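Contents: one structure, followed by commentary.
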Amino acid sequence: MRPNSQALKHKLSHDSEREFGGTLGAVCIPVFLPLTVLFLICLSRSPEASLFQWPPPLPSTDQLWDPLAPVLLLGWFALHAVIYLMPLGKVSEGLVLRDGTRLKYPINGFHGLCISGVFLMLLLGLGAPLGYLFELLLPLAVCAIAVSFLFSIYLYIRSFWAPSYALALGGNTGNPLYDFFIGRELNPRIGDFDLKYFCELRPGLIGWVVINLGMLMKEVELRGSPSLAMILVNSFQLLYVADALWNEEAVLTTMDIVHDGFGFMLVFGDLAWVPFTYGLQAAFLVVHPQTLSSLKAAVIIALNGIGYYIFRQSNSQKNQFRRDPTHPSVARLETIATATGKRLLVSGWWGLVRHPNYLGDLLMALAWSLPCGFSHLLPYFYVIYFTVLLIHREARDERQCRAKYGLAWDTYCRRVPYRIFPYIY
């Protein structure tokens, strides 16, 4: 078969591919995931906090709406949009696009976290009742869900004015329901303001730790001081967010930025799912306080430390190898050549399992849940969900790498047989 026919065949097979259950998933996920967010928040605030409670605790209309919620949410987005545009930090280039260009991105997310921290400390010093975020959780989540839908509609409509080379390969199928969900345009921008990049690590991720702080302050209001369990949950998750923002440049090579269009899937995930479900442990502890012994706390801290070490070291090794394969820290690592001209690491962290960063991620996720004890399953929702998510993401990575690297990827898989968990999976 001639090369151009082979390329056409690959393109047609790619275009016919549907992820997340295709059209059925594109219809069901935007309905059930927002309801799941509200359901989980209601459960975390209920005395039983049982995932199997029937009938489930349903909120009243008054609990779903507070006029302060949209003001706070839109004000929060505006604050971080201003910080994004400020001349702070460096500017980095993304990967080469299909038209041969590179987009520029401001690397100032960590500045946004620090400015937010100073702002919150000022509010606390002025006596602002940050603990009221506990009462606002449901109204804020409702507003975030509504913003996600409205923003996704805007993104879908504007994508029809984008040139063909600016569309995501997997999001331009002609099926409006699927394309709305998965995202048609790869890098939608207003001027130099990159909408996807802004949402990826800014308002939702930093909002997550702000909500956690609000839960801690609510516990102070109720009991006079924060519990050790609440302090651990806040500290672990703050470290995770700070690490992501400190290493913000690394996101420019991730699947979200490089491959996925910007549609409801990413918008909802960034603005609603992450801030309102990833911190369920803190909301749970407000209503269900836990006592931790020093020994238990030490074990949990050690587990989080091990997970973080694996996560950070493996990601740093990968990013350094991508930036400069001749750097002394990676130059001696064993690699496999590919037909693309790139090389695959088969030693170091990436010779242990194919996704050591996922292994570290999951160990940290478990450490975030353990301070909540074992009396309820709800605090472990995150680690269960995250395990499913990372296994699914690993499968997506596998398909993409096999299509990209061909026989070299098969060789790599034989050399590194385990995907995430050594000797297990």
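Cβ coordinates come from backbone N, Cα and C, glycine included.
Per TrEMBL, transmembrane segment is recorded for 20-47 (among others).
The transmembrane segment annotation in TrEMBL covers 67-86 (among others).
For 107-130 (among others), the entry in TrEMBL reads transmembrane segment. Beyond its flanks by at least six residues, the transmembrane segment (107-130) meets 79-80, 83-84, 86, 88-92, 201-202, 206, 209-210, 213-214, 217, 221, 241-242, 244-246, 248-249 of its own chain at Cβ-Cβ distances under 8 Å.
Taken from TrEMBL, the feature transmembrane segment applies to 136-157 (among others). When Cβ-Cβ distances below 8 Å are used as the criterion, the transmembrane segment (136-157) is approached by residues 30, 34, 37-38, 41-42, 45, 59, 63-66, 68-70, 72-73, 77, 176, 179-180, 183-185, 188, 195, 211, 262-264, 267-268, 271-272, 275-276, 283 of the same chain, each at least six residues removed from its ends.
What TrEMBL records for 225-242 (among others) is transmembrane segment.
Look at TrEMBL and you will find 262-287 (among others) tagged as transmembrane segment.
Annotation source TrEMBL lists transmembrane segment at 294-311 (among others).
For 365-391 (among others), the entry in TrEMBL reads transmembrane segment.
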Contact check, the transmembrane segment (262-287) vs the transmembrane segment (365-391), 3+ Cβ pairs under 8 Å, seq sep 6+: yes
Cβ-Cβ under 8 Å with the transmembrane segment (365-391): same-chain residues at least 6 beyond its ends: 40, 43-44, 49-51, 228-230, 232-233, 236-237, 277-278, 280-281, 284-285, 288, 290, 292, 296-297, 300-301, 303-304, 307, 355, 358, 420, 425
Residue numbers, six or more beyond the limits of the transmembrane segment (67-86), whose CB comes under 8 Å of its CB atoms: 106, 108, 111-112, 115-116, 119, 136, 139-140, 142-144, 147, 193, 198, 202-203, 206-207, 210
Same-chain residues at least 6 beyond the ends of the transmembrane segment (225-242) whose Cβ lies under 8 Å from its Cβ atoms: 110, 113, 205-206, 208-209, 212-213, 215-216, 219, 278-279, 281-282, 285, 289-292, 297, 300-301, 304, 308, 364, 367-368, 371-372
